[in-house]
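Asker: Feature table excerpt (Swiss-Prot):
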type: BINDING; residues: GLY10, THR11, GLY12, GLY13, ILE14, GLY214, THR215; note: NAD(+) binding site
type: ACT_SITE; residues: LYS147; note: active site, nucleophile
type: MOD_RES; residues: LYS147; note: allysine
type: ACT_SITE; residues: GLU218; note: active site, proton acceptor
type: ACT_SITE; residues: HIS222; note: active site, proton donor and proton acceptor
Amino acid sequence: MDEINFAVLGTGGIGRRTLEVSTYKDGLTPVAACDRHGVAVNHDGLDVEEILDATEGNIAGDGTGDTEDKRVTDGGAAVKQHGDGAGIVASAQGTSTETPIDEIIAESDEIDAVLLALPNLEHDFIPRIAERFAEAEFEGVLIDVLKRSRVIGMLDDREETLVESGITFVCGAGATPGLLTGAAALAAQSFVEVEEVEIWWGVGLKSGYEDNRGTVREDIAHLDGYDIETAREMDESEIEAVIEEHDGVLEFNDMEHADDVLLERAGICDAEDVTVGGILDIRKDEKPTTTTVRVTGRTFDGKRGTNTFQLDDATSMAANVNGPALGYLKSAVRRNRAGDYGVFGPAELMPGF
């Protein structure tokens, strides 16, 4: 397979780790990155180490996902430094701009794929970003790590536009949905009928809210009594109060995660047969529970069983989000170069059911 160059929109926690993990992947070269204050572009390849050093504890963003601001590219409030000097512009490779996404789009003729490491604090935010690339006649791959079920339908509504542009869009390509729906799709192959898919995840974030503001804010939207709108409007003290109220450990049940619709569109099972929950510990690196996928079904010879897949507790959220996302990116580029355009979920890139 030919070399692949790609861009990252957003240099918060996920975006920075995407750049770092890519340095361990053969055939992948990051050539552009941006956040709300600036952009870095080098078609020969970014100096990832320099960018990571420059943006450590220095992430631009406001955490509220103000998508009416054309500069918005990440979901994390300024972690340890505020102002226009935060984020990518602190890098020697960075250039200040009021329109960072437009700057990436302007370079997109020479970019194979774009990974959207962005917040989803408005349901239509990611779909609107996809539209902007399509309107610019971008031909290539878009990858996101979104979690919200209803967003998949919004992307499907735009599929014709994406196909006309020549875009292959893989949605939900992180840990959950991405890695875990892929595992569920494989586990389902033992059965002729899948009755139930249970996904239970555990994440430890010793670096806490300050270094993971966008992720934590999005997760709070899944708690009972909250939704994406209320989470978006909460100020920093309110977010911290929720964390304190739960002693730093948030438990989620029956989450609106995209795993359900992605498994349904792949023909594995009905969306209503998928349940997702988990525990987030914002004060410890250790996972509070083992991430587990359980697929229950009936085999061709009438046996009922459950296939179980677990992630080792030693693997971090960053490893389980960014490794799969870049893997799906590689697969999507193959499809795109073969002329296969449209919207795909991770399970659709696995063996068919």
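Yeah, the Cβs are placed from backbone N, Cα and C, and that goes for glycine too.
On a predicted model such as this, the values are computed, not experimentally measured, just so you know.
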Asker: Take the Cβ of GLY12 (NAD(+) binding site) and count every other Cβ within 10 Å, whichever protein chain it belongs to.
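Answerer: Counting Cβ neighbours of GLY12 (NAD(+) binding site) within 10 Å gives 28.
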Asker: I need the most crowded of these binding-site residues: THR11, THR215. Count other C-beta atoms within 10 angstroms of each C-beta and give me the top one.
Answerer: THR11
Asker: Which residue, of the binding-site residues GLY10, GLY214, has its CB surrounded by the fewest other CB atoms within 10 A?
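Answerer: Lowest Cβ count within 10 Å among the binding-site residues (GLY10, GLY214) is GLY214.
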Asker: Between the residue listed as 'active site, nucleophile' and the residue listed as 'active site, proton acceptor', what is the CA-CA distance rounded to a whole number of Å?
Answerer: 9
Asker: Please report the DSSP secondary structure of THR11 (NAD(+) binding site), reduced to three states.
Answerer: coil
Asker: If you run the three-state DSSP split on GLY214 (NAD(+) binding site), which class comes out?
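Answerer: Note: GLY214 (NAD(+) binding site) is helical by DSSP.
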Asker: List the Cα distance (Å, whole number) between THR11 (NAD(+) binding site) and the residue listed as 'active site, proton acceptor'.
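Answerer: About 17 Å separates the two Cα atoms.
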Asker: I'd like the number of other C-beta atoms within 10 A of the C-beta of LYS147 (active site, nucleophile), please.
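Answerer: Result for LYS147 (active site, nucleophile): 24 other Cβ atoms within 10 Å.
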